[in-house]
């Protein structure tokens with residue numbers, strides 16, 4: 001390890017900002033990189049110094065240790081085996097350093113008991129399109145961890161002694177020095193609880209929490225759509241050691257509808273009409289989520305034509321406006337015709353034969369086909 005002042009190595013003052021440290025490192029590392037200075041031992045050593053300095057100053061925790069104790073902060077405990085938690089002897093000044101940095105984790109005073117917020121939970125809720133559009137209240141059941149009623153979350157039987165774990169001093173975690181770096185793991189003695197219980201509660205086996213089914217009422221606002229999430233604060237799993245519970249996220253899934261397809265705030269549907277109405281025009285009733293409305297079909301309507309019924313879509317969940325209902329006309333071909341009906345259609349067809357103005361798309365299509373093959377033969 002270099003004994004040079006890390007700030008001097010990077011050409012910085014002690015109060016340099018994180019951005020200044022990062023810029024200095026990038027500039028100097030690029031200048032002294034071995035690939036740019038092949039064969040230069042001096043550049044190689046300089047690059048190592050720069051890298052070492054940045055590994056310390058670029059890490060807020062290591063930088064704080066270095067600012068207070070200099071190189072001494074990293075001179076002890078560097079063996080491959082490290083140390084087994086907080087409490088062992090034989091580390092001299094290194095132990096004192098970490099006691100100050102981490103609140104007495106190596107010997108002296110106890111650290112604050114670990115408090116872990118409960119897990120967030122997810123519940124997938126399926127609702128109908130009508131419920132999504134209008135809003136609805138739903139009752140749901142979830143299986144989750146709740147505070148133990150027997151011990152009130154302490155994890156101990158009544159009158160039982162609860163002590164701070166002597167191995168991790170209540171943190172639930174132990175740190176190990178491995179060479180230049182430090183790792184943190186769950187305390188193997190208390191399994192992360194930070195405490196030692198003389199007589200664990202029989203109901204929760206010392207955890208302070210038990211699994212239970214909860215019944216909840218969820219209010220779904222109008223205008224929600226598939227993928228929307230509702231957060232129920234504090235309805236997730238109970239936290240450890242009396243920590244706050246997590247949240248419950250209700251994820252909305254809207255069922256497919258028999259008539260309507262939703263796209264944002266608009267609703268789409270297909271409306272079948274007879275070919276005579278398409279030719280002559282007329283009026284039909286179309287469904288909406290609020291009932292039926294009348295829709296005028298102009299004469300000479302072609303299949304696939306879209307008609308917009310304004311304001312009959314979905315009101316935005318954020319309020320303010322409603323989408324539209326878009327009706328796509330589908331012209332039905334008559335089926336199960338008797339001979340008399342077929343003869344009438346043949347006469348109609350004969351009366352239209354050769355008159356392109358009655359069938360503009362038909363004539364336009366075959367004219368386009370003829371032009372296509374004429375061009376191929378040239």
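Placement of Cβ uses the backbone N, Cα and C atoms for every residue, glycine included.
Database features (Swiss-Prot):
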DOMAIN    5-70  domain 'J'
ZN_FING   135-213  zinc finger
BINDING   148, 151, 201, 204  Zn(2+) 1 binding site
REPEAT    148-155  repeat 'CXXCXGXG motif'
BINDING   165, 168, 187, 190  Zn(2+) 2 binding site
REPEAT    165-172  repeat 'CXXCXGXG motif'
REPEAT    187-194  repeat 'CXXCXGXG motif'
REPEAT    201-208  repeat 'CXXCXGXG motif'
In the same chain, outside 165, 168, 187, 190, whose C-beta lies within 8 angstroms of the Cβ mean position for the Zn(2+) 2 site?
166, 167, 169, 170, 171, 172, 173, 174, 188, 189, 191, 192, 193, 194, 195, 196
Using residue 187 (Zn(2+) 2 binding site) as the reference point, find which of the binding-site residues 148, 151, 201 has the shortest Cα-to-Cα distance to it.
201
Inter-residue C-alpha distance, residue 190 (Zn(2+) 2 binding site) and residue 201 (Zn(2+) 1 binding site) (nearest angstrom):
15
Over the zinc finger (135-213), what is the model's average pLDDT?
85
Sorry to bug you, but what's the C-alpha spacing from residue 165 (Zn(2+) 2 binding site) to residue 201 (Zn(2+) 1 binding site), rounded to the closest Å?
17
Specify all same-chain residues, apart from the site residues 148, 151, 201, 204, whose Cβ lies within 8 angstroms of the center of the Cβ atoms of the Zn(2+) 1 site, ordered by sequence.
149, 150, 152, 153, 154, 155, 156, 200, 202, 203, 205, 206, 207, 208, 209, 210
Check each residue in the chain of residue 165 (Zn(2+) 2 binding site) that is at least six apart in sequence and keep those whose C-beta is under 8 Å from its C-beta; list them in sequence order.
172, 187, 189, 190, 193, 194, 195, 196
Whole-number answer please: how many Å between the C-alpha atoms of residue 168 (Zn(2+) 2 binding site) and residue 204 (Zn(2+) 1 binding site)?
23
So if I draw a 10 Å sphere around the Cβ of residue 190 (Zn(2+) 2 binding site), how many other Cβ atoms end up inside it?
24
Determine the most Cβ-crowded residue among the binding-site residues 168, 187, 201, 204, using a 10 Å radius around each Cβ and all protein chains in the structure.
168
